[in-house]
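Here is what TrEMBL says about this protein:
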- 39: active site, nucleophile (ACT_SITE)
- 432: active site, proton acceptor (ACT_SITE)
- 467-497: region 'Disordered' (REGION)
- 37-41: motif 'GXSXG' (MOTIF)
- 128-148: transmembrane segment (TRANSMEM)
- 154-176: transmembrane segment (TRANSMEM)
- 188-209: transmembrane segment (TRANSMEM)
- 215-242: transmembrane segment (TRANSMEM)
């Protein structure tokens, strides 16, 4: 009988290319039961679940083979665009195409060079405005030219003014380029005297006069006027760029790309959501253009005892809430506007949703603020997997957020329409799941698990352990880290703040606050016993993963290989057929048992004073007689468990591995 495991994967954008080979290699020894992730980790989780479905339901011996080949597919260069297929999945909205081209050109560049590239891109977008501004600037320089010319005429004066305006532009551009490149950081200091000197020489040559005070003054005045004109031109172009960007983002769900295929794109050049819908069906060995893979397909006949359990995180930013998808019982009911969703999902998804709506029971007449009728979002097993993935993968500003609607029953206006079965709903924007939990370690965690739950963390390269080009997957190689003992993984590296400059220090301080709000829960659990020993850490260089949409093929292949090495480390450590013959799983079980007992005994002891008083032995009105008997027996058992420490004189918390956890009632996400 094959071993089983659960798998949880961290979010990211292009970092997700790590996962396909990791999953495929783990699948050589394990069957997946519970699979979860966030953002790019949600894509990988869905792919893993689809391949496992094909293996279970279609007896596909090579179900994970297609997934294993994904890094090579994404790394291939499109001859038409010169970009990788990974990059081509992100297709901007028509109104944001030029902005996307400019902003994507900044990826992987140092700050100074990125600013210069941004300015060059903006100037290129508004070249007509730049030309008009240079001509206008030339007209403003003509009085200064007339002063130094012996026999001025209109044509010569205009041409001379234009030449001087272009000269100033060229010198300023070269100075900015030198400063941005870092090769000549003092370029801006030498720019004013250089500009003044060149203008003086040009004016002297044009006027046929020796350098004089009048020439000097005219050159200085012209330089100042020309630089001022260029500065105003640049400000206007930046303002136009920002205005167009904000307008486009607002009209496209606050993202550059909707995930759909751009209008006019080639048939084989699909956008992310369109490609993913067909790809998941392919992995599951379903019709690529048929109805989308659903959670019900994965669950099988019994939703309470699922064949494959897939979960992912999403963030309802309008409600300041995180949710697990598919939504838990008791979660709010959500609704969607078809006209909005058809811009986010391909026709095969919308056709499936249309069919569900047509065959569904009629409920409340729910409408948005504009009075448009809304449709209920499918719950439970009817929800398409690609919809959940897209709700988890909505990286802010890159991919459009997903609009849903919910009824705010706390508002009087909502309740007042209940009698005539018409209610108004508020819009709720759903964005990237990583906003709330980028590595949801809480998923599938059991007090005493029956099989391992592996977690994959992606992190920056450790300065003490640089990544080796010939990495063999060992801890010393810098790319992969997995604790070899139960004591490993307790320490966490962090970058010290750079307070050398006021602005940089302030920006870093605020970035640190945002990262803390996002990651504090995950970071709290990393060193916890029972977690740290099953988290494999994969280090990424600064030019790998993240927002590096234009990663070259060798980088993509290298990350895919890193995933395979990480999977082999997990197999060697935890699997009975691995190099350590399952020692990692035995150590993990020992750790979990000591942790469980070390937490449960103090919790039961703390209950004893209340239980001994008998005040909790009443019959809740919701319980029937049998339920009351069961509850009473449980309370008696808890009281007996709480007396063990006093009766035996042993405190099991002392032998629990630190740091010691605590037993609390918390909501299930």
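In case you wondered, yes, glycine gets a Cβ from its N, Cα and C as well.
Counting residues 6+ beyond its ends, the motif 'GXSXG' (37-41) has Cβ neighbours under 8 Å at 8-16, 19, 312-313, 392-393, 395, 432-434, 437-440, 456 in the same chain. The separation of residue 39 (active site, nucleophile) from residue 432 (active site, proton acceptor), Cα to Cα, is 6 Å. Other C-beta atoms found within 10 angstroms of the C-beta of the residue listed as 'active site, nucleophile' number 28, with every protein chain shown included. DSSP classifies the residue listed as 'active site, proton acceptor' as coil under the three-state reduction. Taking H, G and I as helix, E and B as strand and the rest as coil, DSSP gives the region 'Disordered' (467-497) the counts 3 helix, 2 strand, 26 coil. In the three-state DSSP reading, the residue listed as 'active site, nucleophile' counts as coil. Residue density at residue 432 (active site, proton acceptor): 27 other Cβ atoms are found within 10 A of its Cβ, drawing on all protein chains shown.
Averaged across the motif 'GXSXG' (37-41), pLDDT for the predicted model comes to 94.
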